[in-house]
Amino acid sequence: MKQFKIIPLLCVLVCSNSSLVSSASETKTASRQRISINDGWHFFKYESGAKSDKLIYDVRPEVTDNNDSKAADSQPTEAIKTESAQNVLKSWILPTGNPFIKDPTKRYTHSAGNPGGDFPFVQSNFDDKAWETVNLPHDWAIKGPFQTGSNPQVGGGMGRLPVNGVAWYRKKIDISAADAGKSIFLDIDGAMSYAIVWCNGKLVGGWPYGYNSWRVDLTPYVLPGKTNQLAIRVDNPNYSARWYPGAGLYRNVWLVKTNPVHVSQYGTYITTKYVTTSSATINLETSVENKSNKSANIDVITQFYSIDDNGKKSTQAVASLILSQTKIAAGESDKLENSVIIDNPKLWGPSPTQKPNLYVAVTTLLSNKKVIDTYETRFGIRNIEYNPDKGLLVNGEHVLIKGVNQHHDLGALGSAFNTRAAERQLEILREMGCNAIRFSHNPPAPELLELTDKMGFLVIDEIFDSWERKKTPHDFHLIFPDWAEQDVRAFVRRDRNCPSIIMWSFGNEVGEQYTGEEGAQIAARLRSYIKEEDPTRPTTGAMNYAKPDMPLPAVLDVIGLNYQGEGIRQDPVFEGTDRIRTAPQYDPYHLKFPDKMILSTETASAASSRGVYLFPVSPKTSAPIRDGEGGDSKICQVSSYELHAVDFGSSADKVFNALDHHPFVAGEFVWNGFDYLGEPTPYYEARSSYTGIIDLAGFKKERFYLYQAHWRPELPMAHILPHWNWPDRMGQITPVHVFTSGDEAELFLNGTSLGRKVKGVYEYRLRWDSVRYEPGELKVIVYKNGNKWEEETVKTTASPSQLTIETDRSEIQADGKDLSFITVKIADRNGLIVPVANNQIEFSIDGPGEILATDNGDPTNMIPFPSQTKDAFNGLCLVIVRSKAGAKGNITLKAKSAGLTSAHLTISSK
Ligand code: GAL
C-alpha cells in the first residue's frame, strides 16, 4: 500500500524562465491526455418487470412501506438488516474505494475470480447493434412516460418517471499501440447508481453512490493496439430517494492516459494563507504516484497563472515552485509540499460586491528534463472568516448569505448534466440577487463548481441525506457502513480547490439527530474524514430537529438550521400535533454556542404554482396550505400570493423578519431556487415540486420579485400581483400585493387611487387587501426615501390572438451541447401576455438543431418532456433547442396554435 511522505518546503522561486520550465510546452503532447468518451455508447435497459441478470452489487431489503409521500421531516428509522448472499459482486467493487481509505489495514484486497466474465454483455464480440445509441450525459428516465394514476411503480416522490431498473452501457474504445506502458484510467463524474465496470470481459470495479465522481484503473485490462470493449452496468433501485435521482451515466465520462509516474487523482491541494491585497502565501501539496516497477527521479514544477475575465490564462506565470530530483519509489505515492508568495494577488470574492478572480496552477513532472505529466488546478485566493456575531466575512467584507438550495436535475433535461442549462439557472438566480447555493443534498457535477467559481457564488457542498438511519427503503443508508469514508474523502478531495466552496455539509436532516451520543459519534467520525482532507474549511450539517443541548450540534463547526430559526409549526392549527413543533431557535443556539457561526441551511419551503391565484387570500403573513387556504387539492395547485408554506416551513416574509431580528445569523439558503422533479409536497399526484422560487421551466414565480426586492434593495423595481383577468370576480374582493425595493407606494385602479401605503418595519410587501375587481389597469407608483423610485402597470388583456417568441441567446455553439432556451408566449391582439391562456402549441424546427424538450412549469403536467406539442401554462411555454455538433447554420423554430397567429424565430449555430 502507498505511504505518503511529506517533503517540506524545498525552494521558493518567483520566476518563469528556468531551463526546467522551458521544456514544459515543447513536449506537452507526450504528457497526460484526458479524452471525452461521451459519444456513441450502446444502451440497453431491461424491460420494467422483466428479469435482469444476477450481477448485483448486493442484496437489498424488500420494500414493505412504499408510501413515498411522507413529509420531508418524518423521523428517519432504523435500517432493516439484510445478509449479503454469496453471489453478489460487492467484494470486487469495494477495492475501487481503496485510495480513500486512510488506514491501510482497512483497505480491501481484490477477490479472486471474474464474476460476470462469461456474461454476453461484457464480451467484445457481443452484438449490440440492436441497442440504442446514446451520447452521454444520458438520463434514461427523463423521456418518460410519466407514470400517472394512484398506483404507479415510481410515485410522485421520485418524479413519476421510470428511473428504476437495471441497464447496460457498452462502448468500444481504441487504445493505440503507442499507449503501451501508460496508465489508463476511466473517470466517471457520476453514474446513477451501483455502477460496475468490465473491460474486455474482466471485472474492473465500480462505485455504488450515484452522486460521487470516481475512477477505475483500466491499465491491467486494456490491450494497446486493439479495440477494447467497455461494459458498464447500472442498477437504479426504486425508493432510493426523496426526489428524482435521474438514471444512468448522467455526467461526463473520460479516458485519462498518463505516464506511469503521474499526479494522482485529485492530486493537488492548494491552500492560501496570510491573504491580503498585497500578498498571499500559497501552499501546494502534490501527490505523485509511481505505478511503474522502478523508482523515479523527477522534477516537479508548478507555475501559477492568473485567469482573465474570458477564462484565458496570463502569458507570464505570476509565481513558480520547483522541487528538484524527488525520488518516488516503485509502486508508491508521495505527497510533496511547498509554498510560494504571490504578490498583489487578485482576490476571489462573491459577486456583486467583489470579483471572482481565479488562478490556475500548472504542475509539470519531468524525468531527465522530459515532461512526463502536466496537471492543471483552478483555484482562488480569498480569506474567509466565520464570525459567530457578524456572520460571514469574505476578504474582510461582511457578506450576507442570500442563498438557495438546488437539486441536481435540470428540469425537462433531467439529471443529464448540461453546462449551459446549469449556467442559465445561475444567471436567473443572480438576477434575483442570490449569491450562494447549497447543493442539496449531494455533490454536483464538477462543471457546476467551475461555474460557481467563475461566477462568484458561495457554495455549501453537501454529501448525504442519510447516514445509518433510513429515510427511504433503498437510500444511501444501505451502503453507509461500507462506503461512508470513501465517499466523504472522495467528495472533499475532488472539490477542495474550488474557491466558491465555503463549507462542507455532511448531512441533511439525518436520523442521527434523534440518536443522542451514538449519532454524534458518527458525526464526529465523518467530520474527522473531512478535516483530514481539508482542515481549512468548517463543516456543517442541516438540522431540522436537533436542539442546542443535544450531542449532535456540538460536533459541527457551523450550526446549520433547517426551518428552526423561524420556528416550526408555531401556527395554532398545529397544537397537539405529533410532528416536530419548535419554538424559534436562533437565540437558544447563539446562547449555547457563542463561538460558532449560525446559518439557515434551509428556510421557507414556501410553495406556489406560477400564475395560479386562489381566493380568499389569507390575512396572515405566513400560513400552511389547506384546501380553501392557499391550496386546491382538486387541481393540485398552490396559490401565488406567496403566503403559504409546507407545514414545517414559513413564507419568505416570515423568514426575512426572523433574519432581520437576528443579525448574527450569516444568512439563509431558501428551499428552494428552481422547482425540481419529485417531492411535489403537498400534492403527490403531481410530478414536480412547488417550493421553487422559479418554476421547473425556469419561469419566474411571483416569489422571485419578493426576493429580488429584499436582496437587491438598490435596484429600482416594482411588481404587482395578481394578474388582472378575473371576469368571474366582478365586484369581488381581489387583493393586490406589491413587491418592491421601494418603501412606499400608491396603487391606482383605472386611474383612481386606492391609497398610498408605507412598508412597516419588518414588512416586506405592500398589500391592498380590499380591492374589488373591475377590469382595466392597475398601476403602482413606488417611492423610496420620499422620491419616486419605480412604477409598474398590469392590464386586463383581450382574448388570445397570437404567439410571441423569444430566446435567451440567439447565437449558440455548434458543438452538440449548447442550448437555446426559447420562450413562447400567448398574447392578445395588443401583444399583452394572456396570463390565463393554456392553449396547446405545436413546435417544429428547421436547420442544424433539435428540440430536446418542452415544458411549461406546471407541476401536474404529464406530457413527456420530449413532446413537440405542449399546452402553455398560464401564458407561457418553453422549448429547449440543442445545436448539432459540427453543423453550423441557422436554426428556425416555429410555433403554431389553432386559432392564433404563429410565430417563429431564428438562432444561429456557430
Ligand atoms: C426539507 C428537506 C428538503 C426538502 C424540503 C421540502 O425538510 O431537507 O430535502 O425535502 O424539506 O420542503
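Here, residue 1 is simply the first one shown, and the rest follow in order.
Cβ from N, Cα, C; glycine included.
Going by TrEMBL, these are the annotated features:
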{"type": "DOMAIN", "residues": "163-249", "note": "domain 'Glycosyl hydrolases family 2 sugar binding'"}
{"type": "DOMAIN", "residues": "267-382", "note": "domain 'Glycoside hydrolase family 2 immunoglobulin-like beta-sandwich'"}
{"type": "DOMAIN", "residues": "389-541", "note": "domain 'Glycoside hydrolase family 2 catalytic'"}
{"type": "DOMAIN", "residues": "731-789", "note": "domain 'DUF4982'"}
{"type": "DOMAIN", "residues": "803-906", "note": "domain 'Glycoside hydrolase family 2'"}
{"type": "SIGNAL", "residues": "1-24", "note": "signal peptide"}
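Secondary structure of the domain 'DUF4982' (731-789) per DSSP (helix as H, G, I; strand as E, B; remaining residues coil): 0 helix, 34 strand, 25 coil.
Counted with DSSP, the domain 'Glycosyl hydrolases family 2 sugar binding' (163-249) comes out as 3 helix, 45 strand, 39 coil. The average pLDDT the prediction assigns to the domain 'Glycosyl hydrolases family 2 sugar binding' (163-249) is 98. Comparing 267-382, 389-541, 803-906 for CB pairs under 8 angstroms to the domain 'Glycosyl hydrolases family 2 sugar binding' (163-249), the maximum falls on 389-541.
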